[in-house]
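Structure first, then comments.
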Amino acid sequence: MTRSPFLRALAGETLDTPPIWLMRQAGRYLPEYREVRARAGSFVDLCLAPELAAEVTLQPIRRYGFDAAILFADILMVPYGLGQPLRFETGRGPVLEPIRDRAAVPGFDPDAFHGAVGPIYDTVARVRAALGPETALIGFAGSPWTVASYMVEGGSSRDFAALKLWAFRDPDGFGALMETIVEATIAYLDRQIRAGAQAVKLFDSWAGAAPETLFERWVVQPTAAIVRRLRGMHPDVPIIGFAKGAGALTRGYGSATGVTALTLDSSIPLAMACALQAERPVQGNLDPIALLAGGPALESETDRILEALGGGPFVFNLGHGIVPQTPPEHVAALVARVRG
Ligand SMILES: Cc1c2[nH]c(c1CCC(=O)O)Cc1[nH]c(c(CCC(=O)O)c1C)Cc1[nH]c(c(CCC(=O)O)c1C)Cc1[nH]c(c(C)c1CCC(=O)O)C2
């Protein structure tokens, strides 16, 4: 089977037209998503309903012909699978019962975990069966540091004080939590790959909250452990790392973790992106607000990125997720611009 453009770029090929997909390409900016969402019950219910989750995964592929689909689920399905109560409140985001000491750390029980999140593997299989060979399917999980941030803070956070206090004061106890998350994440991604995911992405959305010492110990090392073990099981499946907000620490992140490719957020200057691209394929990094703006600003921002990174192994993407207010026509205009 000829590989899709997306997988070719991740294998290090430079393509005449870079493949494109967008973070949060399935979501509230699409009327057809809002329609399914309204009849799904809760957001967690939607993530666990294979027919509906497959449908919303495919919606942006039908509309725009993106080069990759990303499984519709959430990074917080790992805490859910570990038995931590989870709900999403409108206007507030995720709400979890915080875990803040070693006594509260759950162990990893594979049967209970896969029993709870098993429908997600069905979604993967359904989506893979519905896609043509030219469209790749990406599986994903959060990186342990970011997943831990929600488990410890009990939701989104501004300063990550509870997370960092625990990591600084009690590295052994915090390490027990990280160990559980690492084991669950490996098992979860292994099952996504076996169900049909052809690449996986590790989202470390809050990597930028960690100072250098915590970054090395709790962002890099757990990610490296996941990469090493998954690669042993699935040597040909590319693994994309996304250490959002890591700034200058992004330089060492690729080689220290062993990820195949890097997603770059919009704060990474293109000169630095080019230097990183000399070592591994890169993906990014249009500002989602430029996509919201549309018009000449969107065109010039897009062209700068294409000029800087189009001459090497590259996947066009945003530097973070599409914002819900984005007009769907702006996405169509972006795809047309990238495909020339
Ligand atoms: C940090 C994080 C989360 N989830 C995710 C991350 C990492 C990427 C990032 O930094 O954004 C990853 C994620 N979340 C979702 C996907 C699905 C696939 C896709 O990208 O299209 C993916 C890959 C769906 C979702 N996950 C969520 C929605 C919106 C919920 C809804 O439709 O009601 C979607 C489509 C909810 C969610 N999920 C999360 C939060 C903080 C929220 C609330 C904020 C918000 O509402 O945007 C946690």
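Along the chain as shown, the residues are counted starting at 1.
Placement of Cβ uses the backbone N, Cα and C atoms for every residue, glycine included.
TrEMBL entries are annotated by machine, without manual review.
The structure displayed is predicted, hence computed values, not measured ones.
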From S205, S255, grab the residue that TrEMBL records in the same substrate site as R24, Q25, A26, G27, R28, D74, Y150, H320.
S205
What is the one among the binding-site residues R24, R28, H320 whose Cβ has the most other Cβ atoms less than or equal to 10 Å away?
H320
Can you check which residues sit near Y150 (substrate binding site), meaning Cβ under 8 Å from its Cβ, same chain, 6 or more apart in sequence, and list them in order?
I75, L76, P79, P94, L96, G142, S156
Per DSSP, what is the helix/strand/coil residue tally across the domain 'Uroporphyrinogen decarboxylase (URO-D)' (138-154)?
10 helix, 5 strand, 2 coil
Within the chain of D74 (site 'Transition state stabilizer'), which residues six or more apart in sequence place their C-beta under 8 angstroms from its C-beta?
F43, C47
Give the three-state DSSP assignment (helix, strand or coil) for R24 (substrate binding site).
coil
Residues R24, Q25, A26, G27, R28, D74, Y150, S205, H320 [recorded substrate binders]: greatest CA to CA distance in Å:
23
10 Å Cβ neighbour count around A26 (substrate binding site)?
23
